[in-house]
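Undergrad: So TrEMBL lists the following for this protein:
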ACT_SITE  ASP225  active site, proton donor/acceptor
BINDING   GLU16, ASN173, ASP225  divalent metal cation binding site
BINDING   ARG111, ASN113, GLU131  substrate binding site
DOMAIN    15-284  domain 'SMP-30/Gluconolactonase/LRE-like region'
Amino acid sequence: MAQQIEQVTPPSSHGEGPHWDCGQNMLFYVDISGQKLNRYDPATKDLKTVHFDGPVSPVVPVLGTLDQLVVGVGADLVLVTVDWGALGTEPHVNQTITLLASVDRDKPDNRFNDGKADRRGRLWIGTMGPEPVVGQVTLGRGSLFRFEAANSSVRGSERMDVQKVLSPVDISNGLAWNDIETLMYYIDTPTGRIDVFDFDPDKGTVSNGRPAFDFRANNVTGSPDGMTMDADGNLWVACFDGSQVIKVDPVAGRLLQQVPIPASRVTSVAFGGRDLSTLYVTTMNKGLSEEQLRAQPAAGSVFAVTGLGTTGQRPGGRKAVVRR
């Protein structure tokens with residue numbers, strides 16, 4: 001099958017954080033600066049949107065539910081229950097929200113960025129400092145946090161135990177685990193590389209961080225952003241300001257493939273579809289000049305890439321475990 005790239009959603013300001021829900025066969029993603037959570041149904045092409053008061057990222061469905069998601073809003077982690085059937089096309093909120101945890105209270109301009117759940121349902125979400133101009137982030141303000149469902153006997157409004165895992169970081173970004181979760185791959189974007197850590201799946205701890213792949217050393221255009229891992233153990237990495245997604249062998253530190261995307265600001269990737277053979281790619285048009293927007297009118301859209309000859313890991317999207 002020949003490789004194909006299709007635009008599947010309208011443009012948004014800052015598309016990010018794609019998450020494929022295998023149970024529902026739905027793609028969830030966010031528009032960070034547009035303050036929106038989106039659900040895309042590839043079978044019907046239907047796109048539903050929930051609006052928030054603050055930058056939104058990431059989104060992770062909750063294990064065992066069809067209507068609950070964990071969402072980052074600013075630096076608050078919230079549990080959202082959405083009545084998807086009642087959502088119309090007009091912008092409105094149809095949801096209930098419960099606070100799970102808050103971070104970086106001493107840095108009020110910080111916000112959550114990328115995040116995922118591991119196989120135990122623990123959430124790994126990072127923060128970053130303010131970005132008054134796209135690409136100009138206040139460095140050294142971010143951290144990577146681990147969130148775990150608190151014991152049911154814990155009192156109070158917050159329902160997640162929070163541990164700071166890595167700090168300081170500049171722009172906490174892409175996350176991925178190998179199939180048996182003995183390794184965790186992590187991107188702090190301004191470093192220009194993918195790092196790998198030894199991962200203890202029982203304790204949820206990382207150690208022995210070291211470089212796995214360096215963009216500059218391999219002459220890769222753009223900066224590393226979001227990423228995912230395929231069933232063969234290779235990483236697929238979004239290249240911000242690089243107009244491409246790359247495939248990397250993280251063990252050999254070798255560039256295997258480059259997939260051009262018709263948008264310069266490629267933000268993240270996730271495998272989806274019923275057989276997990278479609279790579280969904282989010283992009284961004286925020287901060288582009290009028291000339292750039294004319295040259296790349298689909299910037300900000302989600303693209304579906306098929307014919308790559310591989311599939312995502314199973315289960316495709318790890319879900320969050322949250323105390324009821």
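Glycine residues also receive a Cβ, built from the backbone N, Cα and C atoms like all the rest.
Automatic, uncurated: that is what TrEMBL annotation is.
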Undergrad: For the C-alpha pair, I'd like the distance in angstrom between ASN113 (substrate binding site) and ASN173 (divalent metal cation binding site), rounded off.
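TA: Each residue's Cα considered, ASN113 (substrate binding site) and ASN173 (divalent metal cation binding site) end up 7 Å apart.
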Undergrad: Across the domain 'SMP-30/Gluconolactonase/LRE-like region' (15-284), what does the mean pLDDT come to, as a whole number?
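TA: A mean pLDDT of 93 is what the predicted model shows over the domain 'SMP-30/Gluconolactonase/LRE-like region' (15-284).
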Undergrad: 10 Å Cβ neighbour count around ASN173 (divalent metal cation binding site)?
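TA: Excluding its own Cβ, the number within 10 Å is 31.
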Undergrad: Where among the recorded positions GLU131, ASP225 do you find the Cβ with the fewest other Cβ atoms within 10 Å?
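TA: So among GLU131, ASP225, the recorded positions given, the one with the fewest Cβ atoms within 10 Å is GLU131.
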Undergrad: How many whole Å apart are the CA atoms of GLU16 (divalent metal cation binding site) and ARG111 (substrate binding site)?
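TA: The Cα atom of GLU16 (divalent metal cation binding site) is 14 Å away from the Cα atom of ARG111 (substrate binding site).
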Undergrad: For the residue listed as 'active site, proton donor/acceptor', which of the listed binding-site residues (ARG111, GLU131, ASN173) have their CA atom within 10 A of its CA?
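TA: The binding-site residues passing the 10 Å Cα test are ASN173.
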Undergrad: Can you name every residue in this chain, apart from GLU16, ASN173, ASP225, with its Cβ inside 8 Å of the center of the Cβ atoms of the recorded divalent metal cation site?
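TA: In sequence order, the nearby non-listed residues are GLY17, ASN113, ASP114, ILE171, GLY174, ILE187, THR189, GLY226, ALA238, PHE240, THR267, SER268.
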Undergrad: About how far apart, in whole Å, are the alpha carbons (Cα) of GLU131 (substrate binding site) and ASN173 (divalent metal cation binding site)?
TA: 15
Undergrad: List the same-chain residues at least 6 positions away in sequence whose Cβ sits under 8 Å from the Cβ of ARG111 (substrate binding site), in sequence order, or say none.
TA: ILE32, GLY54, PRO55, SER57, GLY72, GLY74, ALA75, THR127, MET128
Undergrad: Taking the mean position of the Cβ atoms of ARG111, ASN113, GLU131 as the substrate site, which residues outside that list, in the same chain, have a Cβ no more than 8 Å away, listed in sequence order?
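TA: Close Cβ neighbours, site residues excluded: ILE32, PRO55, SER57, ASN110, PHE112, THR127, MET128, GLY129, PRO130, VAL137, GLY142, ILE171.
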